[in-house]
Amino acid sequence: MSITAMIRAMRPHHWLKNGLVFVPILLNHDVFDPAAIGHGVVAFIAFSLLASAIYLLNDIVDVEADRRHPTKCKRPLAAGEITETQAYAAVPVLLVVAFGLTVFVPQPKLFLLALSSYLALALLYLFFLKRKLLVDVLGLAALHTLRLLAGNAAAAIPISSWLLAFSMFLFLSLALVKRYAELRITQDQSGLKKAGRGYHAEDLEALSQLGMASGCTCALIMALYVDSAAVKELYRHPEIIWLICPIILYQMARVWFLARRGQMPDDPLVFMIRDWRSQLMGALVVLIMVAATVIP
């Protein structure tokens, strides 16, 4: 067995998405709290290992479809670089280590609940939801949102209903981008039905409209948040947070423009993390939050 092939099958480049566990720490202004950051690191490692176990199971289940896919055929399992037996053997090891890390956070029961919920939903998605029209994108959005909740649990931070509402619509839009991008690739093959998915080539426009509407809803929720009592507790000048709204609109619109041009890879969240323009927008958001906090 090739160790490098197994590592690639675990998709470490997707571990970037688990950085979402740090979002509650950032929004709670605990970025200079060593304990909070340490617990966030534990959550990041645990979710990365858990996600890798799910990726291996996903590749086992979809191996035949992946071999027919124009890009997924390069995955180590589909390409024959590792065997199904080797992939199966790695899964329990990853799960044991991931769940074992729960003892290192201040609220291990809550964090264990977050990990268990993620695993249960991921398995439900893998074996059932991913083949259901629209239910699959709701499942993907929920999986990303669970990463945020895990960050809350790991650092013992109260859950924000505003963050939950914002994240669900944000991740729903990105999940729709993911399906849209996949459907564009395979539309010449009569849509994703051949891969066991519930979409057809005719659904492209509907996916696009739903996704853009979800993206705009993110900005609306942010605008409502600015006038809430919650924001006044965290920021000296909450009116400055208004500047984040056009950034969100720009970012979501740009993602969808790229998707409609066929320039979006099959994982928009990873794209946004790596894309320099998205990084710039993220840095501007952080600067705005800092300014709203420290300006006298």
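Glycine residues also receive a Cβ, built from the backbone N, Cα and C atoms like all the rest.
These numbers come from a predicted model, not from an experiment.
Marked as transmembrane segment by TrEMBL: 36-58 (among others).
Taken from TrEMBL, the feature transmembrane segment applies to 87-104 (among others). Within its own chain, the transmembrane segment (87-104) has Cβ neighbours under 8 Å at 6, 9-10, 39, 42, 45-47, 49-50, 52-53, 56-57, 59-60, 77, 111-112, 115, 119, counting only residues six or more beyond its boundaries.
A Cβ distance under 8 Å defines the sequence-distant neighbours of the transmembrane segment (110-128), meaning residues of its chain 6+ beyond its ends; these are 43, 46-47, 50, 54, 57-58, 61, 95, 98-99, 102, 136, 139-140, 142-143, 146-147, 149-150, 153-154. The transmembrane segment annotation in TrEMBL covers 110-128 (among others).
Summarising the annotation, TrEMBL assigns transmembrane segment to 156-177 (among others).
Residues or ranges marked as transmembrane segment in TrEMBL: 206-225 (among others).
Among the features that TrEMBL reports, transmembrane segment is placed at 240-259 (among others). Sequence-distant contacts of the transmembrane segment (240-259) (same chain, six or more residues past either end, CB-CB distance under 8 Å): 170, 173-174, 177, 180-181, 184, 208, 211-212, 215-216, 218-219, 222-223, 225-226, 231, 268, 271-272, 277-278, 281, 284-285, 288-289, 291-292, 295.
The transmembrane segment annotation in TrEMBL covers 280-295 (among others).
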Long-range neighbours of the transmembrane segment (36-58), counting only residues six or more past its ends (CB under 8 A): 9-12, 14-15, 17-19, 21-22, 25, 28, 30, 77, 87-88, 90-91, 94-95, 97-99, 101-102, 104-106, 111, 115, 118-119, 122-123, 126, 147, 150-151, 153-157
